[in-house]
Amino acid sequence: MKASLSMKRAETSDGERGATPTGARARRPSLIDRIGDQLPKIVVAPTFLITLVFVYGFIAWTTYLSFTRSTMRPSMVWEGLRPHERLWGNPVWHTALGNLGTYALLYIGLSTLMGMLLAILLDQRIRAEGALRTIYLYPMALSFIVTGTAWKWILNPGLGIEKLMHDFGFQDFQFQWLVDPDMAIYCLVIAGVWQSSGFVMAMFLAALRGIDGEIIKAAQIDGAGLLRIYARIIIPMMRPVFLSSFIILGHLAIKSFDLVVALTGGGPGNATALPATFMYEMTFTRNQVAVGAASAVVMLMTVCAVIVPYLYSELRPKGGAHG
Amino acid sequence: MAETLTQGPSPTPATLLPALGRAGLYGALVVLALVYATPLFVMVITSLKSLEEIRNGNLLSLPLSPNFDAWIKAWSGACVGVACEGVNRFFVNSVMMAVPSVAISCLLGALNGYALTKWKFRGADLVFALILFGCFIPFQIVLVPMASVLGMLGLASSTAGLVLVHVVYGVCFTTLFFRNYYAAFPSELVKAATIDGAGFLRIFWRIMLPNSLPILVVTVIWQFTNIWNDFLFGASFASGTAQPMTVALNNIVNTSTGVKEYNVDMAAAIIAALPTLLVYVLAGRYFVRGLMAGAVKG
């Protein structure tokens, strides 16, 4: 079928060429012409093949591994659902899922809130907007390892914020979140929000700049105050931005790994373990490749649940309702 | 969309503001800016202090005799694992890893984007959707197979192996960026050139590429930032002398032996952050545009 398609196209292009004054002689399409016709496909082919092997093939491979007896090294010996049972029977996995829930909720919520607040404040015809924007957004250029290193020092139980407050005269001030199993997860939230809220700000700012001023003028004429205009008109118009930031931040939260490694190492104990760190530990240090693979499959499915509907709505041909 | 960022304030009427007060507004903005800037400030001043001073002072106390001793130690004497030769070789590793990865993935992405929009073959949109999905997978799902394949190829724990990994998982982003950019590029120009007898590659080279500077800058910055800042692949596939900078930094900071040298940690962290920070400061506009392009598809 492929061959016939290409022949057909070669014939038409030959026909066209025959009609031009310069190439009057009729000839069979040469090999070079036929390759030329296929060039767009040939150019995309390597990426397509790479994707088939390294994305879809590897997903299938890892999924298969999650049903095998793989321990230290990948093994192909089938073991059925056992690794999945071991995964769901492992209390650390449940801790990691719970932690992800807490972290994702706070990280997404607070980043969105901060980002929106910054954008609204910046959107008031202020001076030095460019400089301020640069300051709010620079953390996004940093590696999570750098962010984790910085905040690990700032939150240092002995020499960090606690010492600072002591020097300010608050001698009884205690700040031990980083070593407190109940509070360490909030350290991740603080560092994560610091890093990501500038990005959310940029998205909101772009959307705010796209609002039709007439709508707001009309509301003003009707006597609506500032807070009312934001609460009733502008913020509801930001729905698509809320959705985008929810998707992107949710996706980042599920993949969170570097920040945990650098800031808490998953500790104290397993207090800040996340699925990504759990998977890494099972696979590379606990010699439980099959269980690690099973956890990776769960992570993939979670990401798919968030991303696939979004991609579908973004990629489908835009109907009239969506403009 | 991101372009509007640079076009000045939106029509939101400034006259609404007296309710809040300009002073309060600026106050809030400055306080928030201080909050966001403080971690970097703390890193810098800590890296300029001696350990003695760090123990006696606090996070915000300025260095009494600022010096670069910690920087020198971080660069050429800090211990990464058992080798105490500083981060310089790992910094070089990251450069050697990032430059070819960025170049190859951007070239592939540009060609893909061009072929997928201007020479749409049957199924081009499906091919694009399949490629795009690769941008979103949690990479945990590919770690073990990738490690096996790198081993089979003899690329385990090598910079070349990391280049392969970053090209493979970066090309979906570069394809996305270029595809969306070329989709808006006038097809008439391409058609006219075809009639003049120009072929696929000639049009790419002579017409598309010279008009691609903005998206090229965006894509290069995006790829460079992501690849330079990567930790998961570096930690999974490179060890010993092949580690990239982020992995080496983590090893310095989270080594539990000996005296904790916070000033050296901070200096190493700033060294790791400098390249991407520099790119951000020099080309922030394009950096933001890349973030938005990655975020908002069309």
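Glycine residues also receive a Cβ, built from the backbone N, Cα and C atoms like all the rest.
Sequence annotations record features per position, and here TrEMBL assigns transmembrane segment to B:25-48 (among others).
Look at TrEMBL and you will find B:91-283 tagged as domain 'ABC transmembrane type-1'.
Annotation source TrEMBL lists transmembrane segment at B:95-114 (among others).
What TrEMBL records for B:126-153 (among others) is transmembrane segment.
Tertiary neighbourhood of the transmembrane segment (B:159-182): same-chain residues 93, 96-98, 100-102, 104-106, 108-110, 112-114, 116-118, 128, 131-135, 139, 142, 146, 150, 153, 208, 212, 214-215, 218-219, 222-223, 226-227, 230, 233-234, 237-238, 242, 244, 290, 293-294, 297-298, selected by CB-CB distance under 8 Å and a gap of 6+ residues from either end. Annotation comment: TrEMBL describes B:159-182 (among others) as transmembrane segment.
The feature transmembrane segment is assigned by TrEMBL to B:203-224 (among others).
Look at TrEMBL and you will find B:266-288 (among others) tagged as transmembrane segment.
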Segment proximity, the transmembrane segment (B:95-114) to the transmembrane segment (B:203-224), 3 or more C-beta pairs under 8 Å: yes
The transmembrane segment (B:25-48) touching the transmembrane segment (B:266-288) per 3+ Cβ pairs under 8 Å rule: yes
